[in-house]
Structure formats: C-alpha cells, structure tokens
Amino acid sequence: MAEEKYIMAIDQGTTSSRAIIFDKKGNKIGSSQKEFTQYFPNAGWVEHNANEIWNSVQSVIAGSLIESGVKPTDIAGIGITNQRETTVVWDKATGLPIYNAIVWQSRQTTPIADQLKEDGYSEMIHEKTGLIIDAYFSATKVRWILDHVEGAQERAENGELMFGTIDTWLVWKLTGDTHVTDYSNASRTMLFNIHDLDWDQEILDLLNIPRVMLPKVVSNSEVYGLTKNYHFYGSEVPIAGMAGDQQAALFGQMAFEPGMVKNTYGTGSFIVMNTGEEPQLSKNNLLTTIGYGINGKVYYALEGSIFVAGSAIQWLRDGLKMLQTAAESEAVAKASTGHNEVYVVPAFTGLGAPYWDSQARGAVFGLTRGTTREDFVKATLQAVAYQVRDIIDTMKEDTGIDIPVLKVDGGAANNDFLMQFQADILNTAVQRAHNLETTALGAAFLAGLAVGFWKDLEEIKAFQEEGQQFEPIMAEEEREDLYEGWQQAVAATQQFKRKNK
C-alpha cells in the first residue's frame, strides 16, 4: 500500500511563523508556531531580523513534522504564504541580510513616499501598479536600505545584492539558489506593472533601484524549486505554491468568483474582493492588486487595508494590561453596560484605507467619569468593525457590486461579540469560515494543485464547510448614529498631528 502523502503550508506572519500539515481532504493534522522579536528602533518604525524569521521557519517545519508524525518523505509539496511588503536585502554571496527586514507597518520611509507625491508621480504609479504611494509598500523600503547602508547602492548595481519580500527570502533559503516571487507578492512592491505583469522600468529608474537585484516573477501555483536536503531532513520536496497572506486567504476561502469578498482579522485587517480577469482601479483609495495567477490566467482583486485590528487587542493586553489574554476581550466587552459612547481610533501607525493618513495617531473620544475598563475594551473591538465598514462602503461605491455576505477568517473572527457587531454595523450577514486556517489552506491548495495532489478547483470546492453565520439585528437608526460618531472621531483624530521632533 502506498504511503499517504500530505501538503505542508508555511505561514510566515508578522509576529510568528507557523507550519501546518494538511491531508488530502484539507484537514489540519499537525502544526507548530514560533514567535519572533519585533524591533522598534524609533517611533513608527517596525523591523524584523530576517535570520530570526528563517530560524523560526526551520523550527516550525521540524515541530509540525514531529507533532503530526508525518515523515519528510511523505510531504508531496510545500506552499508558502507570508506577511507582504516586508522587505529584505541580502548579500548574494554570503546569504546574510545587509539590514533588518523593514516591516509593512513601518513608517520610516514616509519622507521618500511624500517626496514622490510632491513630485507629482501619484497618478502614474496608481495607473501602473494599482497602488497609492505609501511607505507601506516595498519600493520605498528598498530605496531606504540602499540609502542607509554604506556602499549598498554600488553593490546592488554590481549584482552583489538581492531584494525580496519574505516569500522570496524563504524560497531562496530553502532551495539555496532560487530567486523568485509570485504575482501576488510582486503586486505589493509598488515596482510591478500589473498590466504588463513585469517589473516597471520607469518606476525602477525613478527610485534608482537596479533591476538586477529583483527576483523573477512567477505564477502562484507551479514548482519553483526543491528544498535542499539538509534543510528538509534528507528530502528534496517541491516548493510549489506561493501567495501573500491576504491573497492566500482569498484562495483558501474559495472566493474564486468575481464579486466574492473576504476579510481576514489578523494583526491588521484586510478586505479583499475578487474582481476577475480585469484590473479595476479604485477612485476611492482602495488598492488594485493581483489576487492570484494560476493555469495561465491572472485574477485581480480590490483591497482595503486596515493597519491595526488584532494588534489593538494585543495593546489592551500588553500595553494597558486591561486583559490577561486576547480571547478574554469578548467576555469583557459583553460585560460593558455603557451605551457605545466611547470611540477608540487605533491609528497607532497612521490610518490605512480609505484615509491613507500616515501622520494620524491613535485617540480615544467620549470618555466620562463613568467609563469602565469594559467600555474601553468594547470600544476597541468596535473600532475594528467600524474600520471594516469604511472599506466595505468604499468597495460598493467603486464597483457597484452589492455585498450580500462577508466571509471572515483570522484569529479575531473567533470573537462572537466582534462578529455580531460587524454584521450589525454593516447591515450585512457575516459568515465565519469553518476552518479559520484559510491563509495556510490557500497556500496548501496552490501547492497541491501544482504537484497533482489535488486535480482541480472542483475537487477543492468539495471540502468547503460553512461556519457560523451572524445576521444583523441592530435598528437602522442606531447603526447610522453609531457610525456617524465613528466618522466624527476619525475626523478629529486627523486634526491632531504632531511632527516627530
């Protein structure tokens, strides 16, 4: 009898790395997770040590094999999904990064982005890349590293340095020599022309980024290379699927049809709509991005990015010591007897879509002497839902497509209070994924399809099980009154800006 085969997904996130092993039916049979250090060298800066990320990935590969009892030889393929935009530049000869990885949340490159806007490049960059000019994307991060590491520009021009987002870094480490990225990750660099499906020479010239340091761009489902046997316990396993975390979640939620929308509540919150085979440029500051490329076709998406979602709950736990665990936030919020008069605007690193205000900072409104810890926790959860409404309303306006149901996943989707309030404030049904591992599952599906582990999308669709659905129950007047209060709070937050001295 043939040994059963499995697919491994490596999910390299903002605060931790995970490896999950799935069987033929898409069931999780083993996993491992490891956190790594966040570095905050200055206000608004966020960095990671790329070698610590690589170490954490090696650790979870081992951990998932140990927990599941699966042999390395039984892994048919590996799928990678990753925190997007985070930028690594490393030495081609030694494999050592020349600077910390600059994380997607980091605002240290804002002056470069501001200069591009001032010089009038916003429209050109939006039309070519689908993105708005912002420090969020990789382009300004690469420029910053080349500016701040002595001799880096010259070495990059000489072909001695390599650039990659985290997917690229991990494939390069695992295979020892393959320098690739996929359509979804490339589309988040602000260097990639989403119409021509190639790096854009005009933007590279504008930022003086040498093309020689960029990876080759490939589809989301094909064999990129084999693991070096010494990195995978003697086995050479095909790395066969790759997608940025939000696009992987779109695929894992099986949002294969145009108009389907998913929201992942992670560190940030990311609402993504499949718009089919034609890119749709937003008039309202949403991002046009590539969902995935598979079987010779490319599917585009519209995305709204919220920088702070789950991390606001972590802040309540770690910064303010209001919670022992993140999960406790649900019970604490439900115990609030206030009337929703408190608003928390968690603009810790500025505001994402649709405001794109990097100077805004967090604020709390509506406090009285009677405000309690419970009210504060509830308002923080509600802030996540309000931000999602900002984006869903914008999406409807941009596309003219009604959104009858919002598919949700990610850690905070476990929070019943948040999900019910989300349904209420949107006046839309919210459907929780039965399997909240949609990001890892998406990467596994992409890899499994490439190696013939699964035949086609139809076979995958058969695994879909619906989770709990939350229906809106709030009165229209209350909903609009609460949302108006949120809009006032955001406007007030944007008024209060202090330049970092």
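We count from 1, first residue shown onward.
Keep in mind that glycine also has a Cβ here, set from the backbone N, Cα and C atoms.
Listed by Swiss-Prot as binding ATP are THR14, THR15, SER16, GLY310, GLN314, GLY411; the candidate from THR267, THR371, THR372 that the record includes in that site is THR267. Just one residue in HIS231, HIS339 has phosphohistidine written against it in Swiss-Prot, and it is HIS231.
Glycerol is bound by ARG84, GLU85, ASP245, GLN246 in Swiss-Prot, and the record lists one more residue there from TYR136, TYR299, TYR300, which is TYR136. Classification of THR15 (ATP binding site) by DSSP places it in coil, neither helical nor stranded. With respect to their backbone Cα atoms, ARG84 (sn-glycerol 3-phosphate binding site) and GLN314 (ATP binding site) stand 21 Å from each other. Considering other CB atoms within 10 Å as the measure, the emptiest surroundings among the recorded positions ARG18, ARG84, HIS231 are those of HIS231.
Note: the Cα of THR14 (ATP binding site) and the Cα of GLU85 (sn-glycerol 3-phosphate binding site) are spaced 11 Å from each other. Closest to SER16 (ATP binding site) in space, going by CA atoms and restricting to the recorded positions TYR136, HIS231, GLN246, ASN415, is GLN246.
For GLU85 (sn-glycerol 3-phosphate binding site), the spatially nearest entry among the binding-site residues THR15, ARG18, GLY411, ASN415 is THR15, judged by CA separation. Under 8 Å, Cβ to Cβ, and six or more positions away along its own chain, GLN314 (ATP binding site) finds ALA326.
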